[in-house]
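Colleague: Relevant sequence annotations retrieved from TrEMBL are reproduced here:
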TRANSMEM  B:25-42  transmembrane segment
TRANSMEM  B:49-72  transmembrane segment
TRANSMEM  B:102-135  transmembrane segment
TRANSMEM  B:147-166  transmembrane segment
TRANSMEM  B:172-196  transmembrane segment
TRANSMEM  B:221-238  transmembrane segment
TRANSMEM  B:244-261  transmembrane segment
TRANSMEM  B:281-303  transmembrane segment
Amino acid sequence: MADNDPTPRTPEDIRKSRNRVLALSLAAFVILVFFISIAKMS
Amino acid sequence: MSVTSPSSAQQLPADWRDLFALTKPRVMSLVIFTGLCGLLAAPERIHPVLAFTAILCIAMGAGGAAALNQWWEADLDAGMKRTANRPLPQGRLDRTTARDFGGVLCAASVFLMGFAISWLAAAILALSIAYYAVVYTMWLKPRTPQNIVIGGGAGAFPPLIGWVAATGHITLMPVVLFAIIFMWTPPHFWALALFVKSDYAKVGIPMMPVVAGEKSTRRQILAYAVLLLPLSVVPWWIGGTHGVYGISAIVLSTLFLALSVRVGLREKDGPEDTMKPEKQLFAYSVIYLFALFAALVVDRFVVI
């Protein structure tokens, strides 16, 4: 998949985009846990 | 998480897109769909957030099991044209990263399912992951041509998990849904194995066409398709669904049988044979499962 990129990506670019995805996933997980708690109480 | 590229010997971090590719997104879409259908077709409703969580857990479990599968089979994948472009054979990821990523996804999916939904659903999810990653990938696949028949159980779990997530218990209906996917798997995979036979032979995987020959595989495809037709109608017969599903199942399964008859009764016409009937059966088998489970959900909400 990464090989399909039109321009070669530097390790820094790859690390940045991976960390951004990880941060978004963790934020989504926290929000999900919040809503699960609400749903379990209702 | 880093990898040494075989071409440049330069340390590169693992790209998130390669990690995502490890989860076999296309296979996962079918898993998510059948799991969602099992959940929606169940007679009880759960909170939409919990329903979303249950499907997310099924997807994470399937993705984690797929990553473990690719971690274990990285060497085999490198030898097959169909799989040689995956991240591990290409050297874009190292095996330890793939193993850890798969393990974390699997563990997270089971615990989240247990805490948010039910521990019975979590136990079945854990069983399905172990069935695919250990029983099928590590044990059956390299040892027996019946690997797909027994291993097919792994892909049959999602509707059962979806149903149990919604109802909290196992009844006959989700077991029948499990059986339908179990029976569908051999003709689906063997149709594929017939036209990528040389790939499997090259890496020593004892797929049915490699071990028992094409003729026997074609007959067995036909046998499973014959059994699938009445089995697909069982949910209607036991009163679990209405006519929308029943008629859809008869039409879809009859077409499946017709395509299987064409594959089952023919012989390969030399090396120039493009294997069109086998490719058509494989493509239709995917549409078949989507359509059959879609009919199950439509039937739940539309009563004739």
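Yeah, the Cβs are placed from backbone N, Cα and C, and that goes for glycine too.
What TrEMBL says about a protein is an automatic prediction, not a curated fact.
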Colleague: Is the count of Cβ pairs under 8 Å between the transmembrane segment (B:281-303) and the transmembrane segment (B:102-135), pairs 6 or more apart in sequence, 3 or more?
Modeller: no
Colleague: Which sequence-distant residues neighbour the transmembrane segment (B:49-72)? Criterion: at least 6 residues beyond either end, Cβ under 8 Å.
Modeller: 19, 22-24, 27-28, 31-32, 35-36, 39, 86-88, 95, 98-99, 101-110, 112-113, 116-117, 121-122, 125, 128-129, 132-133, 137-138, 154, 158, 161-162, 165-166
Colleague: To the transmembrane segment (B:221-238), which of B:102-135, B:147-166, B:244-261 is linked by the most Cβ pairs under 8 Å?
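Modeller: It is B:244-261, which has the most Cβ pairs under 8 Å.
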Colleague: Counting Cβ pairs closer than 8 Å, which of B:102-135, B:147-166, B:172-196, B:244-261 has the most of them with the transmembrane segment (B:25-42)?
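Modeller: If we count Cβ pairs closer than 8 Å to the transmembrane segment (B:25-42), B:147-166 scores highest.
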Colleague: Grab the same-chain neighbours of the transmembrane segment (B:172-196) for me: Cβ-Cβ under 8 Å, and only residues 6 or more beyond its ends, written as numbers and ranges.
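Modeller: Residues packing against the transmembrane segment (B:172-196) from afar: 34, 38, 41-42, 80-82, 148-149, 151-153, 155-157, 159-160, 163-164, 207-210, 214, 217-218, 220-221, 224-225, 227-228, 231-232, 234-235, 238, 240, 256, 260, 263, 275, 278-279, 281-282, 285-286, 288-289, 292, 296.
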Colleague: Taking a Cβ cut-off under 8 Å, which residues six or more beyond the ends of the transmembrane segment (B:244-261) line up next to it in the same chain?
Modeller: 187, 221-222, 224-226, 228-229, 232-233, 235-237, 277, 280-281, 284-285, 288, 291-292, 295-296, 298-299, 302-304
